[in-house]
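Working notes for the structure below.
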Amino acid sequence: MTEAIIDLKDIAVTFDDGHQVVHAVQDVNLQIQTGDIYGIIGYSGAGKSTLVRVINLLQSPTTGQVVVNGQALQTLSPAALRQARKHVGMIFQHFNLMQSRTVMGNVIYPLLGQKISKQNRRAKALRLLKLVGLTDYAQTYPDKLSGGQKQRVAIARALVTDPQILISDEATSALDPKTTTAILELLQRVNRELGITIVLITHEMQVIKSICHHVAVMADGRIIERGPVAEVFTAPKAPLTVDFVETSTNVRAAIQRITKTIKLSELAAGQELIAFKFVGQSTKQGIVSQLSQTLGVDVNILFANIDQIDGQNVGDMIAIITGDLTAFNAAVTNMSAQGVHTRIINEEVVKGMVD
C-alpha cells in the first residue's frame, strides 16, 4: 500500500456563536493514499466542505490531528504552515478569478513575490495553459470566458505552485453536463500525468462514479460509509448511500416506475420481482441464460443498465423470476457464487423500504 498523504485523526469541528453550538464535523478519521482520487459525498450541511478545509488548516479542528505529507500541521510555525499550504491547491464552484487580470495574470498570481523570474513564471503558466487547453486564451479576460473555461483557468492557477494535493470543492456544480464531463476528464489527466492526489467534494454520485477510486459518504458531520467506489456501488450499506447509488444509476426511478405499473399482489405463486447487481467478470457471463437453461427459471427482464466504475463493469437488472421455490433458491445461490447481488423488491415494497 502507498503512503497516506493525508491522515486526519479524530477530527471534530464545533462552531459556537454564543447562542447555538453546531457540530459541523464529528469523530472523523480519514486516510487518503498518495495518487488517489478520493471523493467525499453528502448533501448540503453534511460537513464535507468544512472537513476538507481542515486538510490545510484553513479551518482549524476543535479536536484531532492533521497530518499532511508526514507533517503534523498544528505543530508548524506560521511560516512553515504557509510553506506547507503551497503543496495543497484548491478549486471551487465559483472559480474566484480576478476580473482585472488576464488568464495569464490569474495563473501566475500565486507566484508573485516568489524568487522566480518573470520569464520563468510566464513559461510555467504557458505549460499549464497548454495542459488545460487554453493556450490561445492567455491574454483574454475572465468575462469573455465560458464557465468551463473559467474552471480550467482556476485549475491551472491551482497547479502553478506544484501542489501534491488538489482539493476540488463542488468544482463542477455550476457547469452543464457536457462541460462537467470535460472538467472531470481534465482532473483525471492531472492525476494521471502529474501524480497529484485529488480530494473531490460533491453532492452528485455521478461525479464520484466518473473518476474516483475511493469514496466516503458524510451525513451530520460523520462519515457513515467508505470504501472503493466499485465496492460501494455494488453493495451500499447505509440507506443514504443506497439512495445516492440508486439515483445515479436510475435504479430507484426504475423500481418506482415498475412497482406503479405492476400490481405486486397479482404476482403469481412462484414469482418474485428481483433486482440484480453485477460487478466485474459477472457482467460478461450469460447468467440469464444459465438461469433459464440450467435451473428451469423463467426471467422476464424489465430494466437493465451497465456502467464502468473505476475500471470495472457494474450492471443492474430488474426482472420477474418465475419458478418453484426450490428452483428460485438454487438460482439465488448460483448467482451469489458468481458475484451477483440480489434483492427481492416485492418484499421491500411490503416492508416500506421502497417509495
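Backbone N, Cα and C atoms are what each Cβ position is placed from, and that goes for glycine too.
Feature annotations, reproduced from Swiss-Prot:
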- 6-245: domain 'ABC transporter' (DOMAIN)
- Gly42, Tyr43, Ser44, Gly45, Ala46, Gly47, Lys48, Ser49: ATP binding site (BINDING)
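Reduced to three states, the DSSP call for Gly47 (ATP binding site) is coil.
With the fewest other Cβ atoms inside 10 Å of its Cβ, the least crowded of the binding-site residues Ser44, Ser49 in this structure is Ser44. For the ATP site, the Cβ centre of Gly42, Tyr43, Ser44, Gly45, Ala46, Gly47, Lys48, Ser49 serves as reference, and the other residues of the chain with Cβ at most 8 Å from it are His203, Met218, Ala219. The Cβ of Gly45 has fewer other Cβ atoms within 10 Å than any other of the binding-site residues Gly45, Gly47. Residues near Lys48 (ATP binding site) in space but far in sequence (CB under 8 A, at least 6 apart, same chain), listed by position: Ile40, Ile41, Gly42, Ile201, Met218. Per-residue pLDDT, averaged across the domain 'ABC transporter' (6-245), gives 94.
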